Amino acid sequence: MELAAVILAAGKGTRMKSNLPKVLHQLCGRPMLSHVLNSVVAAGVDKTVVVAGFGAEQVTDFVGEKARVVLQREQLGTAHALLQAEGELTDYPGHLLVVCGDTPLLRAETLAKLADYHCESGAVATLLTAEMADPTGYGRVIRTTEGNVSHIVEQKDASPEELNVHEINTGVYCFKVPGLFNALKEISPANVQGEYYLTDIIQIFVQRGLTVKAVTLEDAREVQGINDRIQLSRAEVVLRHRVLEELMVQGVTIMDPENTYVDQGVKVGNDTVILPFTFLQGKTEIGSQCVLGPGSKINNCIIGDRNEIQYSVLVESKIGNDATIGPYAYLRPGTVLADHVKVGDFVEIKKSTIGHGSKIPHLSYVGDATIGEKVNVGAGTITCNYDGKKKYQTTLEDGAFIGSNTNLVAPVKVGQGAVIAAGSTITKDVPDNALGVARGRQTNLADWPKKQRKNS
């Protein structure tokens with residue numbers, strides 16, 4: 001079966017009140033257009049055309065090589081939008097899915113089912129319909145006694161009998177491509193809006209004696225359109241629960257799905273536990289038997305097995321196995337932790353590599369550093385990596401011990417097994433197994449407080 005798709009994505013989305021094209025607003029970490037593109041490709045489509053209008057440059061930049069983009073310069077209706085794809089499909093011999101770019105909940109399985117039924121039935125067109133308890137505001141699908149589609153009637157034009165119909169048009173179609181665009185050119189804008197409606201093509205086909213079929217959708221939420229921020233948030237909830245349920249089926253424990261946020265495409269290993277108010281974003285990959293959260297945000301990170309991360313933020317970092325992070329740690333881009341590393345409370349790490357078994361338990365900043373194995377970094381240690389113009393490297397070799405409240409002024413190296421005395425400001429390299437001390441000598445003045453009071 002040769003199957004192409006046209007995604008109608010030209011609308012401005014006025015009710016979104018945004019400078020961003022509606023189809024580029026995000027759900028579960030991806031623009032809604034991305035979800036639609038993924039669904040049509042997974043349904044077996046071999047060629048995709050996106051019809052852009054408002055914000056066409058942004059839409060084109062996002063689509064890239066994933067599809068061809070054509071421009072609808074004036075928004076004159078859905079039939080007019082589809083007609084803009086004619087140049088890309090003139091000689092296409094197969095079938096065409098038509099979907100809206102603001103239906104990110106539409107499943108690939110639904111589109112595949114529609115296309116398969118359409119091809120097997122021999123119909124010139126097949127609609128995707130849905131049964132709604134309250135169809136108010138929707139166009140009703142009227143069928144013949146044989147079960148074929150007779151026409152679609154808008155609510156304002158429907159008779160009392162037609163108003164009792166609960167089957168509605170979802171705006172998703174499958175057509176035979178040969179002859180489609182000639183039929184589209186017969187549609188006239190004879191309506192209040194002065195637009196070319198794609199629904200009018202059904203009556204054109206029926207009047208020619210051609211068969212139009214319909215497939216009824218099992219879950220009407222799949223075609224829930226998005227026209228404002230309220231509908232966007234509702235769609236986000238539906239999609240988020242799909243993502244979480246898929247993870248749970250795969251063996252992930254999610255303590256509170258209502259308060260857990262995982263982007264589509266995030267990978268999580270089995271027996272990992274995700275606690276409330278945890279955000280897993282971007283291309284994050286989590287191993288098995290981890291405990292994440294509560295209250296953690298992990299963005300574009302690769303995390304191994306058996307790690308514990310609580311109340312912390314990790315961005316573009318790589319974590320080995322058996323690490324403990326937090327509470328209140330901040331791992332910035334370029335951070336790499338080996339196995340069995342401890343990063344404790346109020347620790348910030350940036351563009352640094354921490355070796356096997358090393359510990360940074362609390363109240364420290366580590367930036368542009370390479371730390372070896374089994375290094376202990378005491379509380380209040382600061383790598384002074386920036387002189388106002390350039391960043392410099394700090395190196396702590398295997399087994400080094402850094403006392404509390406130490407300043408390491410880069411570029412500087414502390415050798416293997418070396419010890420830095422607490423309170424030191426280290427500006428020169430410390431050799432292997434040496435003690436580095438760089439602080440003022442303590443002086444005790446006897447009876448000083450008493451003398452101060454006497455002189456005051």
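From the backbone N, Cα and C atoms, a Cβ is placed for every residue, glycine too.
The average pLDDT for the region 'Pyrophosphorylase' (1-229) in the predicted structure is 95. Taken from Swiss-Prot, the feature region 'Pyrophosphorylase' applies to 1-229.
Per Swiss-Prot, the feature UDP-N-acetyl-alpha-D-glucosamine binding site maps to 8-11, K22, Q72, 77-78, G139, E154, N169, N227, R332, K350, Y365, N376; the stated evidence is sequence analysis. In the shown protein chains, 23 other C-beta atoms lie within 10 A of the C-beta of N169 (UDP-N-acetyl-alpha-D-glucosamine binding site).
Annotation source Swiss-Prot lists Mg(2+) binding site at D102, N227. Counting every protein chain shown, the number of other Cβ atoms lying within 10 Å of the Cβ of N227 (Mg(2+) binding site) is 14.
Residues or ranges marked as region 'Linker' by Swiss-Prot on the basis of sequence analysis: 230-250. Through the fold, the region 'Linker' (230-250) approaches residues 16, 25, 27-28, 32, 35, 104-105, 221, 224, 257, 260-264, 266, 268, 270, 274 of its own chain, all at least 6 residues removed from its boundaries and within a Cβ separation under 8 Å.
The feature region 'N-acetyltransferase' is assigned by Swiss-Prot to 251-456.
Listed in sequence order, G344, D345, F346, V347, A379 are the same-chain residues at least 6 apart in sequence whose CB falls under 8 Å from the CB of H362 (active site, proton acceptor). Annotation source Swiss-Prot lists active site, proton acceptor at H362, citing sequence analysis.
Within the same chain, the residues at least 6 positions away from R439 (acetyl-CoA binding site) whose Cβ sits under 8 Å from its Cβ are A421, G423, S424, T425, listed in sequence order. Secondary structure at R439 (acetyl-CoA binding site), as computed by DSSP, is coil. Among the features that Swiss-Prot reports, acetyl-CoA binding site is placed at A379, N385, Y386, S404, A422, R439, with the record citing sequence analysis.
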Within 10 angstroms of D102 (Mg(2+) binding site), Cα basis - binding-site residues out of L8, K22, G139, S404, A422: L8, K22
Neighbouring C-beta atoms (10 Å sphere around the C-beta of N385 (acetyl-CoA binding site)): 23
Fewest-neighbour residue among binding-site residues, criterion Cβ within 10 Å, set L8, A10, A379, A422: A422
Composition by DSSP (helix, strand, coil) of residues within the region 'Linker' (230-250): 20 helix, 0 strand, 1 coil
